[in-house]
Amino acid sequence: MANTPIKLNDGNAIPWLGFGTGTALYKKDAERMVAAAIKAGFTHLDGAQVYQNEDSLGAGIIVSGKPRSELFVTTKLYSLQPGQTVRESLQGSLKKLKLDYVDLFLIHTPLEHVGKLREVWKQFEEVKTEGLAKSIGVSNFHEEELDVILPGSEIPAINQIEYHPYLVAETATLLDFHKKHGIVTASFGGLSPLFRFPGGPVDPIVAAAAERLSKASGKNISTSHVLLLWQKQRGIVTITTTSKESRLPEYLSIADEPGLTLEELKAIDEAGASSPHRHFMRSVPATEKRVRD
Ligand SMILES: NC(=O)c1ccc[n+]([C@@H]2O[C@H](COP(=O)([O-])OP(=O)(O)OC[C@H]3O[C@@H](n4cnc5c(N)ncnc54)[C@H](OP(=O)(O)O)[C@@H]3O)[C@@H](O)[C@H]2O)c1
């Protein structure tokens, strides 16, 4: 099953592969694609307030007919209005989503809460205690920001970050930090090497692995398939998306295929590390300007 669950530090579990309503569906009506994704087999849906389509994510869930208990739904807090609490903000999201709770609630970016990270995280703990969010976590956090919220607090279940082979070197210490504290790494932008930075050193290695796997399985294994496998075998929760229904079965077939060899995994890591670059949040301020807590 592509939706192999990954255990979280709070005892809950998250399906490995998630369908996102940002990027390709950002600020768009997501109802049709969400319903199609669920019908195709996705059970993990990744939304956010800033995508401005929580309403249609909720509508897609209803149209799919899938029982709520069989779905894992995430949303993310963006900014808070002056005087607004995290609880009020989450309740606004739940109303749009037409849900009583989310499975995962994330702080979308620390940059919207500079100087208030601990206070916001304490409020996250409260909405979890109330049952409005089954698990709580963060996104786009560096070690320094995790250090601000960790002492005396519930450990975030997840840190959702941009992750692909070209970020292997840059994120190595962060991933070690996650491991040490039992934080699961979730990724977005995983297909970037192929479609956002084509022609780099990762491409020929991924292409050779796709060819080997195609021969071994007798199926047409694509290069995007190989990159998703690379994340899966690394134990990274993977959020992808598409604006095209035709790609859904391919994404979901990942776990049915034979895996990458240790040599292939290592060669992809090494090629990625030789040419670091990122697509999202390229202009984030230096750490000292991010924390100030
Ligand atoms: N926490 C954050 O700050 C953050 C930031 C970014 C994203 N996210 C989440 O992560 C989700 C996925 O992000 P992502 O878009 O970066 O994921 P991705 O997996 O890197 O890219 C998905 C895109 O790859 C394209 N693609 C797949 N196969 C392809 C092929 N064979 N040829 C050409 N294009 C192909 C798809 O285009 P088509 O649409 O044409 O199929 C799709 O839009 C978002 O929707 C959002 O939920 C979170």
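Glycine residues also receive a Cβ, built from the backbone N, Cα and C atoms like all the rest.
These figures come from a predicted structure and were not determined experimentally.
Record features (TrEMBL):
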- Tyr51: active site, proton donor (ACT_SITE)
- His108: substrate binding site (BINDING)
- 20-271: domain 'NADP-dependent oxidoreductase' (DOMAIN)
- Lys76: site 'Lowers pKa of active site Tyr' (SITE)
Between Tyr51 (active site, proton donor) and Lys76 (site 'Lowers pKa of active site Tyr'): CA-CA distance (Å): 9
C-alpha of Tyr51 (active site, proton donor) to C-alpha of the residue listed as 'substrate binding site': distance in Å? 11
Segment-level pLDDT (mean, integer) for the domain 'NADP-dependent oxidoreductase' (20-271): 96
Tell me, by DSSP, whether His108 (substrate binding site) is helix, strand or coil? coil
Which one of these recorded positions, Lys76, His108, has the sparsest Cβ neighbourhood, judged by other Cβ atoms within 10 angstroms? His108
Simplified DSSP label at Tyr51 (active site, proton donor) comes out helix
